[in-house]
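Novice: Straight out of Swiss-Prot:
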ACT_SITE  Cys142  active site, acyl-thioester intermediate
ACT_SITE  His235  active site, proton acceptor
ACT_SITE  Glu237  active site
BINDING   Lys163, Ser192, Arg249  substrate binding site
SITE      Gly111  site 'Important for acyl-CoA specificity'
SITE      Ser192  site 'Important for substrate specificity'
Amino acid sequence: MPVKIPDDLPAAEILESENIFVMSETRAANQDIRPMKVLILNLMPNKIETETQLLRLLGNTPLQVDVDLLRIHDKESRHTSIDHMNNFYRDFEAVRHKNYDGLIITGAPLGQVEFEDVSYWDHIREIIDWSQQHVTSVLFLCWAAHAALFHLYGLNRKLLKEKRSGVFLHKRTHRHVPLLRGFDDEFLAPHSRFAEMDVQLLKAHPALQVLTESDEAGAYMVLSTNNRNLFVMGHPEYQKSTLKDEYFRDLGAGLQPEIPQNYFRHNDPGQDPVARWYGHGSLLISNWLNYYVYQLTPYNLDDMSGITPWENEV
């Protein structure tokens, strides 16, 4: 949360140059506060596991968040009961008339399927287009990040020969952006995907900025220049056992998956994995929710023209 200081305090310029969040008395006096309304489009097979992971991160912030869960269609899920889906999830028709402070679209196990061949691709495109007018900030995770970059900017992914699974070291490529406040120069994050985006294509696009990347795993966090869309190529929401569960699931299915990199102790699947990304995963979600949702969203969600752009603030 911000430090409120007098409008012309000399320390303000120093703190801002260090990427410390300060707020002038004038802005603080005119700031309205209410719960943040966040919509989650859950595309993962195990709905309960994924919603729990995301709610755990959203709940680790000082903000009150009202969450709505969205499903892509009303077809029965193989891994989640129909009662759970009907009781807790909404169809798009029930929310399309609403505005939201934030939207999270999860990954999906579709890494080797062409976007146009995805059965609900038209629905995904419709929701992405809708979000650009009805949501202050959208967080796209893993497959959803690739899908949105393709739909919004025409940038296609490239398929990998082997699934990229593991925990990889990343570095910051930008310093003075609110999203990276509190981040170390290098940090770890988990990945689990069959495709990647070309880093140079992302960097060359005038509407995008690559904030963090990995020598092994490529681009990780990409932000649109209007600060409305955040694309995260990995899984900051994953728990310690998630990659392990995926690995043994694939083994049980008769596949020959590579052992997730930098994950199991001594690279031995017989030993417990080590979670070394929780801190930065939590910080990523907290910074997104605070700086790109709470600080920018209009108090009156019926008027999306009230979004406060960061360019007037930095």
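The backbone N, Cα and C atoms fix where each Cβ goes, and this holds for glycine too.
Quick caveat, the model's predicted, so the values are computed rather than measured.
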Novice: Report, in whole Å, the straight Cα-to-Cα distance of Cys142 (active site, acyl-thioester intermediate) from Ser192 (substrate binding site).
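Specialist: Cα of Ser192 (substrate binding site) to Cα of Cys142 (active site, acyl-thioester intermediate) measures 8 Å after rounding.
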Novice: Relative to the Cα of His235 (active site, proton acceptor), which of the recorded positions Gly111, Cys142, Lys163, Arg249 have a Cα no more than 10 Å away?
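Specialist: Within 10 Å Cα-Cα: Cys142.
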Novice: Rounded to the nearest angstrom, how far is the Cα of the residue listed as 'active site' from the Cα of Gly111 (site 'Important for acyl-CoA specificity')?
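Specialist: Checking the Cα atoms of Gly111 (site 'Important for acyl-CoA specificity') and the residue listed as 'active site' gives a distance of 18 Å.
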Novice: Counting distance between Cα atoms, which of the recorded positions Lys163, Glu237, Arg249 is nearest Cys142 (active site, acyl-thioester intermediate)?
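Specialist: Among Lys163, Glu237, Arg249, Glu237.
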Novice: Other than Lys163, Ser192, Arg249 themselves, what residues in this chain have Cβ atoms within 8 Å of the centroid of the substrate site's Cβ atoms?
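Specialist: Going along the sequence, the neighbours come out as Ser165, Leu243, Glu246, Tyr247, Asp250, Pro257, Pro260.
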Novice: What's the number of neighbouring CB atoms sitting within 10 A of the CB on Ser192 (substrate binding site)?
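Specialist: Result for Ser192 (substrate binding site): 21 neighbouring Cβ atoms inside 10 Å.
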Novice: If you measure Lys163 (substrate binding site) to Glu237 (active site) at Cα, how many Å is it?
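Specialist: Their Cα atoms are separated by 19 Å.
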Novice: Report, as a single number, how many Cβ atoms besides its own are within 10 Å of the Cβ of the residue listed as 'active site, proton acceptor'.
Specialist: 23
Novice: Which whole-number value in Å describes the distance between the Cα atoms of Arg249 (substrate binding site) and the residue listed as 'active site'?
Specialist: 19
Novice: At a 10 Å cut-off from the C-beta of the residue listed as 'active site', count the other C-beta atoms across all protein chains.
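Specialist: Taking every protein chain into account, the count is 28.
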Novice: Restricting to the record's substrate-binding residues (Lys163, Ser192, Arg249), give me the longest CA-CA distance in Å as a whole number.
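Specialist: This binding site's residues have a maximal Cα-Cα distance of 14 Å.
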Novice: Using a 10 angstroms cut-off on Cβ to Cβ distances, just flag whichever of Gly111, Cys142, Lys163, Arg249 is the loneliest among these recorded positions.
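Specialist: The recorded positions Gly111, Cys142, Lys163, Arg249 were compared, and Arg249 has the fewest Cβ atoms within 10 Å.
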